[in-house]
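Okay, so here's the structure we're looking at.
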């Protein structure tokens, strides 16, 4: 077996020496593929293509980020601050700085954090609120769109799970007042939709006062809420 393996190695080395251009050609092809993979990632959405708010006949460096079309390279290190090259969007007219030598170019350099749009912070994008979600399900999926001034790679609109803030109009202050004044008769439980507990509280005279005090404490701490799982206003 050792002799056979040695013979195979010698044969492979002789083939490689006789064809020295095969390996470099493959490497060049791979490197060219990698170069082609470093394409620009641009966000083409209806909201990002709106240029009605963009000023015209101004310095290109004074344009807001929402008026620029930037070129991103995905090989950057996540979280690092980098500079990207941007050009004015279509129908946006601007000119270079007359005090500098580069007066004929409209290219603008802008700083950004290397990340995709779905990796932005919660305050950096707006999400569609669904009024019909059930807060028993702590999260739900919805569409989120990054603010125009934020530079990021990939689609500017994406799906994300956000906490459900569904409410049916129950006010915490009203519920607390009902619990303090009429809690001994189970009015707070009836008001929140807990009918079985309300009946038990009514016929036990508020658990001889103990149950009433406990419910007042639970409501004041937001621990006891509506029976349908919605949140207080």
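Any Cβ shown, glycine's included, is placed from N, Cα and C.
Nobody curates TrEMBL annotations by hand; they come from automatic prediction.
Noted in TrEMBL for the protein shown:
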type     : residues : note
DOMAIN   : 169-216  : domain 'TM2'
TRANSMEM : 170-191  : transmembrane segment
TRANSMEM : 203-224  : transmembrane segment
- Residues of the domain 'TM2' (169-216) by DSSP state, where helix covers H, G and I: 40 helix, 0 strand, 8 coil
- Query: Mean pLDDT for the domain 'TM2' (169-216), as a whole number?
  - Reply: 90
